[in-house]
Amino acid sequence: MAGDQEEAERESPAPAPAAERVAAAVETVAAPGEFRNAYRRQLLALSRRIRLLGPFAEELRERRRPAGEEEERALATLADALEKAVELLKLGREGSRISLVFDRDRVMNIFQEVVAQLEQALHDFPYNELDISDEVKEQVELVHAQLKRAKERVDMPDDEFYNDLLSLYNKTYDPSAELAILERLSEKLHLMTITDLTQESLALHEMVASGGGQDPGEHIEKLSMLLKKIKDFVQTNNPEMGPPMASKIMDTSGDQKSVIVPDEFRCPISLELMKDPVIVATGQTYERSCIEKWLASGHHTCPTTQQRMANTTLTPNYVLRSLISQWCETNGIEAPKRSSQPNKPMPTCSSSERANIDALLSKLCSPDPEEQRSAAAELRLLAKRNAHNRLCIAEAGAIPLLLSLLSSSDLRTQEHAVTALLNLSIHEDNKASIMSSGAVPSVVHVLKNGSMEARENAAATLFSLSVVDEYKVTIGGTGAIPALVVLLSEGSQRGKKDAAAALFNLCIYQGNKGRAIRAGLVPLIMGLVTNPTGALMDEAMAILSILSSHQEGKAAIGAAEPVPALVELLGSGSPRNRENAAAVMLHLCSGEQQLVHLARAHECGIMVPLRELALNGTERGKRKAVQLLERMSRFVVQQQEEQESHSRLQAAAAQVLPQAPEQVQESEIPDQLESPASQYPTLL
């Protein structure tokens, strides 16, 4: 895509010595932190054993004689095992407590792998060669013995705990027992305070955000509903915490309505529905205005984690903003509008910079086409160079002048102007200015009528603007989608990629899905999916997944005979493509034509790749694969029952029908039969 942002070149640091890695991992585990979840006992035991290695790590760090090649390998093996343990303990501290219970088999497998890896690393360790003292060696051997015992037995979490959660998740519990179940869960999950509940909401949000813009799925929605049930129970039983939080929000008719906002959509600082969620250096998300006030007050730590932030960069959380918009649309609520940030300081251009930009803008207004073309080209290059230039050019008033050149009869001028707008749009603060200037119809005009390079850069501009959710509606209503579909069909590889990215962004909004389907997007996407070169496969499968959730999209996909290609992708595609293929198949196997698609999938041998995906896929892929396996299994059983029933009917009919007459010798047949027509049908 044109207008790429500059990238700072950094030299890769040399890898830390293995002994230093061992010491760093032990120090990380020794840092204070709580385990407030179903695995508290197991996590504490693992943490305690690693902390006992503290003196051992100190001796490794202080030794003067360098390790030989064999010793260095042993240290590296131990460092790998410890770093894996650190990741597990981090998951225990920061992961969703509810989700960890549901993932108990996977979590316990990780536990066993970590314990086995640590035990093996200590078993083979060359203590003598590294001059480890006898006292410390005895302590390490004690840890090794404990790990060996732990490896031989599996310490599973409480079964009642798991069954309680599962009954609420599947709604199979006795209603009269609901309060007792919620009380047990709130105690065992340590969800008893506002802080605990907020941290769990944030952990669930991180699971949504880690989906990369994909549909968070039914599983996350159910987990959020479980948390809401527990939260309502805790707040009802602890009045001092306040009632379940409801907010007054404007609905689409302009009236206010009281609604329960999902916790993951609330800012942890204000507890209000976020309008402009941004991610800080620690990975937490806040409302932009709230975290800006926090930083302006002199704070250097993250409000939620209390960690010191490495920088104050605020990155827009487009995934969460999209989810909030979808939730608002579903609930008939007016989507929150971002503030225009009037108090944000604008960059200061030097007098020479401003004079240069003003001179170029004067040339844009010149009646001389040559001057217009050269000025647009220079602005294009300036805007490409850095973020400071992008803001200075926009502040000087370039956007309306560049828009006026999009209708120029000179194709090169038009191309420079649309590319300059693309480069300006990369900066977050310029997007609103471009949209408020009414840019979209002019950009779509170029997308339809410009040179190929201009069309491709127009598509890239729409992609850049469409990351803002409220702009998806505007762009979709201007005829951009059919033009993007045409470019996807006939553009260069780069142009197709930008068109696909813009179409994916636009189709996140439900109203645009129908426009894309009616513009003929599905056959094009299916062509990319079955293309032997695999070009744009990732983009194609992402779009197919999002369109399959639309009724028209599901019908169009089903008409394209997609099952063989999807089954092949399930078996041999990339992790994300396998996940999307499972999502598409799941949608196809839940509609009017589900029996047709189930039968075709069974013919294509879907069960083997599905089982493999359920074991080794991404989290979303595993979830979709399990759901699809359940449907396939029910279908296969139903088919078998129908075949058995048919066989029984045939057997019963054979017993009722008269037996065929015995064969007779030719000499026994009379010369003339009586009334042959009454005994045998006439063959015509």
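From the backbone N, Cα and C atoms, a Cβ is placed for every residue, glycine too.
TrEMBL has this to say about the protein:
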REGION    1-20  region 'Disordered'
DOMAIN    260-334  domain 'U-box'
REPEAT    397-439  repeat 'ARM'
REGION    647-684  region 'Disordered'
COMPBIAS  649-666  compositional bias 'Low complexity'
COMPBIAS  675-684  compositional bias 'Polar residues'
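Per-residue pLDDT, averaged along the repeat 'ARM' (397-439), amounts to 92 for this model.
Summarised by DSSP class, the composition of the domain 'U-box' (260-334) is 25 helix, 13 strand, 37 coil. Shown for the repeat 'ARM' (397-439): DSSP residue counts in helix, strand and coil, namely 35 helix, 0 strand, 8 coil.
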